[in-house]
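What follows is a single structure, written as structure tokens, with notes after it.
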Amino acid sequence: CSLCAPGFYGDAVNLKNCQACICDETGTDHCESFSGRCVCKPNVIGEKCDRCEVEHYGFQSGRGCVPCECAEASESDQCDDVTGQCKCKPGATGRSCDRCAGGYWNYTSGGCVSCGCKSEYSLGFGCNALTGQCECLQGVIGEKCDQCPRRW
């Protein structure tokens, strides 16, 4: 054999000094047969290919890491190392914090605003995600369902 076995490196012919590679198997594509240098899977870093690049997740998948893709209503561009869940600002939701949660509206980089619907006069706590208009019971008006129409 002219090469060291897979997972080993060195000179198998002249020096006969094959040694085990020290690469993390999960993050390594292969170990170079002569130098022992670890060649990492996509978006994996470290001398031993033992972690994801910043703003990436999914190391344990064994397929490399993928971008977090956190949206503007996320606390940062870094997400959970395992799930990819971004940390959302108040009222925002979704894996990437890309929309308003139920009961919130007006999506911005600061998060979302509570609908503030008057529960006793509305059909729940939700509102239109763009306008903030609550869905009022019959005979009740106002953005927050907090007004009665004028009677003549």
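Cβ from N, Cα, C; glycine included.
Unlike curated entries, TrEMBL annotations are predicted automatically.
For the domain 'Laminin EGF-like' (21-67), the mean pLDDT of the prediction comes to 97. Under the heading domain 'Laminin EGF-like', TrEMBL lists 21-67 (among others).
Annotation source TrEMBL lists disulfide bond at Cys40-Cys49 (among others). Of all Cβ atoms in the shown protein chains, 23 besides its own fall within 10 Å of the Cβ of Cys49 (disulfide bond).
Annotation source TrEMBL lists domain 'Laminin EGF-like' at 68-114 (among others).
The disulfide bond annotation in TrEMBL covers Cys88-Cys97 (among others). Cβ neighbour count for Cys88 (disulfide bond) (all protein chains, 10 Å cutoff from its Cβ): 22. Secondary structure from DSSP puts Cys88 (disulfide bond) in a beta strand.
Taking H, G and I as helix, E and B as strand and the rest as coil, DSSP gives the domain 'Laminin EGF-like' (21-67) the counts 3 helix, 15 strand, 29 coil. Among the disulfide-bonded residues Cys40, Cys97, the residue whose Cβ has the fewest other Cβ atoms within 10 Å is Cys40. Spacing of Cys40 (disulfide bond) relative to Cys97 (disulfide bond) is 30 Å (Cα to Cα, whole number).
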